[in-house]
Every structure is written in C-alpha cells, then in structure tokens.
Amino acid sequence: MATLPNQTKENPTFWVKLQMEQCYQTSLGKHEQRIKPAGSRESSTSPLARAMDLKVVCALSITLIIALSTLAEGVAPPTKCQCKVVPRERTNCGYPGISAAECKKIGCCFNASVPSVPWCYNPKPKKVKKVCPSDPYHRINCGFPGIKPWECTRKGCCFRARPAGVPWCFYHRNVEEAC
C-alpha cells in the first residue's frame, strides 16, 4: 500500500491506520508460518484470538512510537530573561562544538561572546508565583460549603466571600513572573 508523503503529513490519522495495517499484515504473515497442526497442544487458541493479539501488539507499538517521537522533537527554547546568567555562573548544557541552533533545540541558552566559559549553558529556572484569580467565574473549588476563611487558608487556598453562587474557597493559579 503506497502513499504519497504529503498524505501522511496532512492526515496523521491516515498515517496511524496505515502503520497499523502494515504492522498487522507483517505480524500475521510471520505468525501464520508458525501455526501448528490441529493436534498439537499450542493450537488451543483460535486464529481469531491470535489475530486480535497481533492487533493489540501493533496498536501498542504504534502508540509507543508516537509517544517517543513527540518527546524527541525537543523542548521549548528558554526566554531571554532565563538566559541572563552571569558568565562565571554558567553551567554547561551541551558538548564541545555544539551550534547555537542545536543548543536552543535541547532547551539551553547560547552566547559565544565571552571566552573561557560555557557557550551553551543551562537557563535560570522560570519564576512562578501563586495568584488568586480575579475572575470569580474561573475559580476552582478548594473547600466545601460553609468553610471558614482560616480553614481555607490552612489548606493553602484563596478565600473571598463574594459573589454568591461561586466557590469562596478556591485554588491559586500559577503565573510566570516577568524578569
């Protein structure tokens, strides 16, 4: 079953179905070669059960391939703020001779302007702060009806006794701080 390369790029579902069918056909062909005569002990499973087992193996294989390929695509590059690291405090993130593009692709910072320090280095961690949401209709309940303010804050949640009809005890939102 031949396909054009753009069919698989435009329609990932088509690609997965194609891979499943190819995996199944290949596995089934290999499995049929090993089928024993009806009198042997190993033939207690029906051909339908063997075929279903092969489909499950193929489905799990394709799922694993897709999951691993999404991990291999790289991470988001760090922000300029995260890359503002004093040169003497830089920790190496790459290998000798790494390019700026390769360095950024693996989630590191690159600056070759200072000699004798790592040019590809680890970014500063993102600064995150907890904020109580200002829109009462986007609150996520953290308590129970009638909860006291001190009970709510003891749970590490926000408390605002207004307006009616929304949770008064609710979770914080994590927001990235600017540099």
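Numbering starts at 1 and runs along the chain as it is shown here.
Cβ atoms here come from the backbone N, Cα and C positions, even for glycine.
Quick look at what TrEMBL lists:
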- CYS93-CYS108: disulfide bond (DISULFID)
- CYS103-CYS120: disulfide bond (DISULFID)
- CYS132-CYS158: disulfide bond (DISULFID)
- CYS142-CYS157: disulfide bond (DISULFID)
- CYS152-CYS169: disulfide bond (DISULFID)
- 79-124: domain 'P-type' (DOMAIN)
- 130-173: domain 'P-type' (DOMAIN)
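For the disulfide-bonded residues CYS103, CYS120, CYS158, a Cα to Cα distance of within 10 angstroms from CYS93 (disulfide bond) holds for CYS103, CYS120. Cβ environment of CYS158 (disulfide bond): CYS132, PRO133, ARG139, CYS142, CYS152, CYS169, PHE170, TYR171, HIS172 lie under 8 Å away, each six or more residues apart in the same chain. Cβ neighbour count for CYS103 (disulfide bond): 22 (other Cβ atoms within 10 Å of its Cβ, all protein chains included).
Confidence over the domain 'P-type' (79-124), given as mean pLDDT on the 0 to 100 scale, stands at 93. The number of other CB atoms found within 10 A of the CB of CYS152 (disulfide bond), across every protein chain shown, is 21. Using a 10 angstroms CA-CA radius around CYS157 (disulfide bond), none of the disulfide-bonded residues in CYS103, CYS108, CYS120 qualify. Counting only residues at least six positions away in the same chain, the Cβ atoms of PRO78, CYS93, GLY94, CYS120, TYR121, ASN122, PRO123 sit under 8 Å from the Cβ of CYS108 (disulfide bond).
For CYS142 (disulfide bond), the count of additional Cβ atoms within 10 Å of its Cβ stands at 18 [all protein chains shown].
Minimal Cβ crowding within 10 Å, among the disulfide-bonded residues CYS93, CYS120, CYS132, CYS169, is found at CYS132.
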